[in-house]
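Student: Would you mind keeping the following structure in view while I ask a few things?
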């Protein structure tokens with residue numbers, strides 16, 4: 001364990017018999033290569049090559065119809081346009097940030113609290129858990145439709161109860177919040193599930209020791225349980241950031257990401273399958289998304305690999 | 001893939017010696033327990049309400065609720081379902097979803113189990129990098145890849161018997177492959193962790209018996225990881241069935257849409273019959289809810305496999 005830092009082969013410990021793999025017979029080697037290369041080709045062709053191409057295309061102007069030589073290379077002009085004259089961009093950034101903040105403050109913390117409470121011996125704990133994570137199996141697009149029953153101006157439950165005439169999905173001042181509430185319905189259960197799994201790893205004797213020492217519940221939580229959940233917290237942070245960045249389904253089913261519901265993910269799609277196909281411009285938006293997410297992907301991979309090593 | 005980030009949960013460092021009969025996180029004091037129960041019960045009811053509300057109103061006549069408001073009682077009918085089914089063309093879309101989801105899930109599990117096997121069975125220098133390539137792909141926002149993938153698929157011709165669109169665009173093949181490419185990371189991670197818990201000796205004796213690597217994978221490892229495969233299959237079925245983004249952008253021919261992206265058919269041009277939308281939503285939700293209730297244990301363990309090592 002102590003030499004782990006200079007050991008570049010972390011899986012060594014799993015197969016302690018030999019350090020390096022001994023040579024396999026030719027046929028087996030071919031098998032191993034095939035087993036890795038086929039999936040690898042798929043993921044490289046459909047994820048990594050497109051990711052690179054997005055970066056390349058972001059420096060050009062292209063309507064996507066002509067051949068590749070109809071691309072007019074314009075340097076960083078797309079980026080300049082996005083930051084200066086594209087009216088939807090800054091609202092979209094703001095909405096994505098609100099999305100992120102909201103997910104953190106409400107569903108994430110609520111999900112964590114639910115997990116901590118439901119981890120106790122409690123009557124009906126299974127029932128509560130089921131209720132909270134049932135929305136997790138529904139798609140966000142579907143959730144947009146289900147919540148329409150609350151939000152519809154003429155037929156929605158909220159307006160019927162309060163005798164109001166608010167267009168919850170249509171009014172640009174409030175539709176973002178209406179959407180976030182619907183998202184929270186699903187997100188809370190997901191976070192709860194992840195924390196419940198994490199809490200199973202908290203050593204019960206630690207907790208008992210804390211109880212014997214007379215530590216209060218709150219103290220026990222912050223000093224015993226929370227630190228043990230550190231890797232889970234990291235994972236949750238990454239999930240929340242990436243989900244807020246990816247936000248798309250709900251706004252797309254409601255109004256294709258316009259009129260108060262602009263988010264970066266929807267802007268990219270608008271530039272490809274909307275009326276105007278601006279591939280270069282859309283790619284520049286995509287690259288911005290990619291850059292933000294890559295920071296958090298790196299953080300995530302570091303956490304995961306650290307765990308792999310200490311295993 | 002839905003917009004839930006299918007993230008593999010890294011286990012907490014202390015998870016190794018989890019005893020099977022671990023006590024839950026302690027018992028609450030009586031008074032606190034009562035308070036917690038009340039709060040939980042109220043919250044749980046609030047959580048169940050949206051779906052319950054959709055279910056109730058899907059069985060009510062539009063005319064009745066228009067005349068009496070939604071806070072009334074009565075007007076029961078099943079005609080919303082008949083109308084939604086025909087107007088939403090759900091027969092076709094359900095079939096499409098099936099034709100996309102089943103091959104995609106099988107392909108994902110097969111390909112990722114192969115990578116996972118190599119990662120778990122051998123300790124090559126490139127193992128960690130390989131896992132990283134798959135895992136990171138899993139987390140990239142799909143919008144970031146949209147334009148090249150869209151354009152590539154338009155260029156790739158398909159023979160008529162594979163897709164009547166003549167190209168990858170508007171074909172199920174496109175969705176099967178894209179979903180597979182994205183989901184492999186999560187499955188590879190979970191499966192390789194699971195496979196690492198198998199004792200290494202089984203491979204040594206298999207080698208002595210002269211079993212090839214392929215046999216070690218297919219006949220020795222795969223049967224042993226069946227629980228993990230079942231859990232992942234459950235999860236992947238719901239995720240790929242729920243996938244919205246790729247289906248929306250890669251399929252522009254209405255009758256080829258899978259059911260999740262076809263919901264918009266229920267929206268009238270000028271007004272929306274909410275009860276009809278409710279019936280449509282229930283129809284779309286039904287397959288995943290059935291999977292969820294029938295295989296709840298699989299579903300949960302799939303999400304948490306990475307953390308408890310099965």
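Numbering starts at 1 and runs along the chain as displayed.
Quick reminder: no glycine exception, Cβ is built from N, Cα and C everywhere.
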Student: When you get a sec, could you say which of A:176-199, A:248-271 is annotated transmembrane segment by TrEMBL?
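Tutor: Of A:176-199, A:248-271, TrEMBL gives transmembrane segment for A:176-199.
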Student: For the transmembrane segment (A:220-242), find every same-chain residue at least 6 residues outside the stretch whose CB is under 8 Å from a CB in it, and list them.
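Tutor: Same-chain contacts beyond the ends: 100, 103-104, 108, 112, 116, 190-191, 194-195, 197-199, 201-203, 206-207, 210-211, 293, 296-297, 299-300, 303, 306-307.
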Student: Please figure out which one of A:30-53, A:130-150, A:176-199, A:279-301 racks up the most CB pairs under 8 Å against the transmembrane segment (A:97-118).
Tutor: A:176-199
